[in-house]
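Undergrad: So Swiss-Prot lists these for the protein:
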BINDING   GLU34, GLU35, ASP36, GLN37, ALA38, GLY39, GLY40, THR41, CYS42, LYS51, GLY114, ASP304, ALA312  FAD binding site
DISULFID  CYS42-CYS47  disulfide bond
BINDING   GLY177, GLY178, GLY179, VAL180, ILE181, GLU200, ALA261, ILE262, GLY263, ARG264  NAD(+) binding site
ACT_SITE  HIS436  active site, proton acceptor
Amino acid sequence: MTQEFDCVVIGAGPSGYVAAITAAQSKLRTALIEEDQAGGTCLNRGCIPSKALIAGANVVSHIKHAEQFGIHVDGYTIDYPAMAKRKNTVVQGIRQGLEGLIRSNKITVLKGTGSLVSSTEVKVIGQDTTIIKANHIILATGSEPRPFPGVPFSSRILSSTGILELEVLPKKLAIIGGGVIGCEFASLFHTLGVEITVIEALDHILAVNNKEVSQTVTNKFTKQGIRILTKASISAIEESQNQVRITVNDQVEEFDYVLVAIGRQFNTASIGLDNAGVIRDDRGVIPVDETMRTNVPNIYAIGDITGKWLLAHVASHQGVIAAKNISGHHEVMDYSAIPSVIFTHPEIAMVGLSLQEAEQQNLPAKLTKFPFKAIGKAVALGASDGFAAIVSHEITQQILGAYVIGPHASSLIGEMTLAIRNELTLPCIYETVHAHPTLSEVWAEGALLATNHPLHFPPKS
């Protein structure tokens, strides 16, 4: 007997499970199809396991700098298998919690791969092989790491998934690709004592981000001892039993492992799009409107496959928007205030427009930077390097963008995200009492400096 649902979601990653929960809470009969583990790449093979390892690396960093706090450590060892075990325990615990959430919302979970048979039918192949009917379908099949052209992933040529499965630390690691993923792993493994070489084809790393951010990270990495090769051309990658040889700029270099971090490819080739008449472009991206609807009125697409921002928090919000529209509430996706974070050391976070982007839109904008060395809490933490920057409208004082390089940037960016989303002005920030001593004071101080009324920094002459 064919099961019928109001809403069927294919893929249980950050976009899919959030869409399913939102739909179920709107009283829609909801099914969620997943071939692997709930949580998708983010929980199982990306965001969470990498941040669990980074947490361990941060402990190492604190130990290395313990003497400045009057604490003398007589030596330490890095038990990487134990770090990896903790990472797996963290992931398992969160996944179990997620599975409980899905059950508590009375969502029907079907194990297997889902593909479209028509615009209202989905075939499931796997543990729960069946064909189900749905009034609405949400595609949330995500993406996967892109291999280097002509070089498949292997035991030594690793994707971002493969490197998280290592149980021993390499001595020498090459990272092909100086984007966010490449830089995060470079920072992580360098802190753990691995010799790192970042190989980037463009003339600078983090090429898609703010130029000042790129230069700052380059300077920090170089100072830390991370080797960066830009304008690099790779002509060969050869794997042997114990090493990988890379020919870069006509020079042969040897490494224990290679991480390929050159982007991701979209999982849309085998989900039956043609059977339902759903359009995708040459990259595999499924075009959607502001409600996440595809060209087929009852089929929606969310997450990486929309080709917007390949970020878990964007995917989740797209899931909410799609489910809300299916349940009869007209809501649209707003990309004006999307925070992005780079979990290097130091952390980096940004949201909204850069000064260059604001000027390209012919906005009368100004950039104000406030240093952490003038923030008491940062000095007390021994983390006074870096700054927070605000891009504001010179006439209206509306906050247009912000970025921060320094301690706990990933948490600090939330205030500016709220400000930009709600079109707040500089006075909205500095007239709000910020607790002292906290790092968040950097925004109040920065907003005051932008109006040339700084309290803890010399005024501009």
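In case you wondered, yes, glycine gets a Cβ from its N, Cα and C as well.
Set these features in their place in the structure for me.
TA: DSSP assigns ALA38 (FAD binding site) to coil in the three-state reduction, outside any helix or strand.
Less than 8 angstroms from the CB of CYS47 (disulfide bond) sit THR41, ALA312, each of them six or more residues away in the same chain.
In the three-state DSSP reading, ILE181 (NAD(+) binding site) counts as helix.
When other Cβ atoms within 10 Å of the Cβ of HIS436 (active site, proton acceptor) are tallied across all protein chains shown, the result is 11. Reduced to three states, the DSSP call for HIS436 (active site, proton acceptor) is coil.
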Undergrad: Quick check on the binding-site residues GLU34, ASP36: which one has the highest count of other Cβ atoms within 10 Å of its Cβ?
TA: GLU34
Undergrad: Give the helix, strand or coil assignment DSSP yields for GLY263 (NAD(+) binding site).
TA: coil
Undergrad: Express the distance between the Cα positions of GLY40 (FAD binding site) and HIS436 (active site, proton acceptor) as a whole number of Å.
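TA: Just about 39 Å between their Cα atoms.
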Undergrad: In Å, how large is the greatest distance between any two Cα atoms among GLY177, GLY178, GLY179, VAL180, ILE181, GLU200, ALA261, ILE262, GLY263, ARG264, the listed binders of NAD(+)?
TA: 16
Undergrad: Taking the Cβ of each of the binding-site residues and counting other Cβ atoms inside 10 Å, which one has the highest number: ALA38, CYS42, ILE181, ALA261?
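TA: When each Cβ's neighbours within 10 Å are tallied, ALA261 leads.
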Undergrad: How big is the FAD site in terms of the longest C-alpha to C-alpha distance among GLU34, GLU35, ASP36, GLN37, ALA38, GLY39, GLY40, THR41, CYS42, LYS51, GLY114, ASP304, ALA312, in angstrom?
TA: 30
Undergrad: When the Cα-Cα distance from GLY179 (NAD(+) binding site) is computed for each of the binding-site residues GLU34, ASP36, ALA38, CYS42, GLY114, which gives the smallest value?
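TA: Among GLU34, ASP36, ALA38, CYS42, GLY114, CYS42.
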Undergrad: Within 10 Å of the Cβ of GLY179 (NAD(+) binding site), how many other Cβ atoms can be counted across all chains shown?
TA: 20
